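A.B. asks: If you scroll down you'll find the structure; I have some questions about it.
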Amino acid sequence: MNYSIRLFKIMGIPIELHITFILFLVVIIGLSIMNNSIFWAVLFILLFVSVVLHELGHSYVAKKYGVKIEKILLLPIGGVAMMDKIPKEGELRIGIAGPLVSFIIGIVLLIVSQFFDININGYPLLYTLSLLNLMLGGFNLIPAFPMDGGRILRAILSKKYGYLKSTKIAANIGKSLALIMLLFGLLSMNIILILVSLFVYFGAEQESRVVEVETIFKNIKAKDIMTPNPVYVTPDMSIEEFLDFMLKHKYFGYPVVENGKLVGCIGIGNIHKKEGTVRDYMEKPVVVSEDTDIKEILRKMANTDRVFVVEGGKLKGIISKTDILRAMSILELKEELKD
């Protein structure tokens, strides 16, 4: 289900409003009407126009590096330019572009407001908007993920410490900052600050994990991490025989092979009765080839505990979540020792 509404396109990039943004806007407008003041509603709308321009700054430079921009999504807590993986060589310039746009808007509005301003309900609109843009640019330059400053910091540090270690440094700063924000948010009962702190924390955590997986599993294929020549069961094996087989080999899931070909898979969670055979309970296996990369393997494992490696119609190996974690631990240690 799509939870966003497309407004228009700029530079070929769709601008979309998330449904929560619309609900938040309705609340802001409602409160403005109740208080006989439209200032905050107008300011809110103009601020998010500024956010769109901020994200377009990132997107414009990113497109120069051949990055595909899916869309810019507006949320109550800000905007997100959803794009393909940013190339390492362009991360510094792409990261700086957004805050630079915000600073330019802020400085221009600040200068203009000294000669001309729009007063609504006694509040100076342009002056207030200029300060918010300067704050937006400054906040995004905080050297912590998922803010732009985190990407800028990583781009600078990666020249000395490597991409993975630099990501972890920026992510840890981001999570530490998020915990401080959460503490202040809870003490002051500030819902917005609490939501922003959660966004920052999980954004930093996600960035760290994604980069860690991409870095340590670079050039790793299914054949490199699979358990080769796995034990298997046959479709005609009784459930009682299967349970004894499972007790002997200590695994929770097994491939089902008939006449040398993989025909299914079965695990402890598939068994509900003692009657019948393996054929009655087996499921369709999720299959990959020996050269399948880790990204595709993880995508296929989203709804299953294991995938089976098949080449030329023959079962070559099995990859379980335990295999993934084991390989990750070993490869992560190799990466750390390399640095």
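First residue shown is number 1, and so on along the chain.
Each residue, glycine too, has its Cβ placed from N, Cα and C.
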A.B. asks: Check Swiss-Prot: it lists H54, H58 as binding Zn(2+). Then name which of D117, D148, D224 it lists for that same site.
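C.D. replies: Given H54, H58 bind Zn(2+) in Swiss-Prot, the matching entry from D117, D148, D224 is D148.
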A.B. asks: Please report the DSSP secondary structure of H58 (Zn(2+) binding site), reduced to three states.
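C.D. replies: The three-state answer is helix.
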A.B. asks: Per DSSP, what is the residue count of the domain 'CBS 1' (226-281) in each of helix, strand and coil?
C.D. replies: 18 helix, 18 strand, 20 coil
A.B. asks: Please indicate, using numbers and ranges, the residues of the same chain that are 6 or more beyond the transmembrane segment (10-30) and have a C-beta under 8 Å from a C-beta there.
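C.D. replies: Beyond its ends, the transmembrane segment (10-30) has Cβ neighbours at 3-4, 40-41, 44-45, 48, 52, 56, 59-60, 63, 69-76, 81.
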A.B. asks: Using an 8 Å cut-off from the Cβ centroid of H54, H58, D148, can you name the remaining same-chain residues around the Zn(2+) site, in sequence order?
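C.D. replies: Checked against the 8 Å cutoff, the neighbours are E55, G57, A81, G95, A97, G98, P99, V101, S102, N140.
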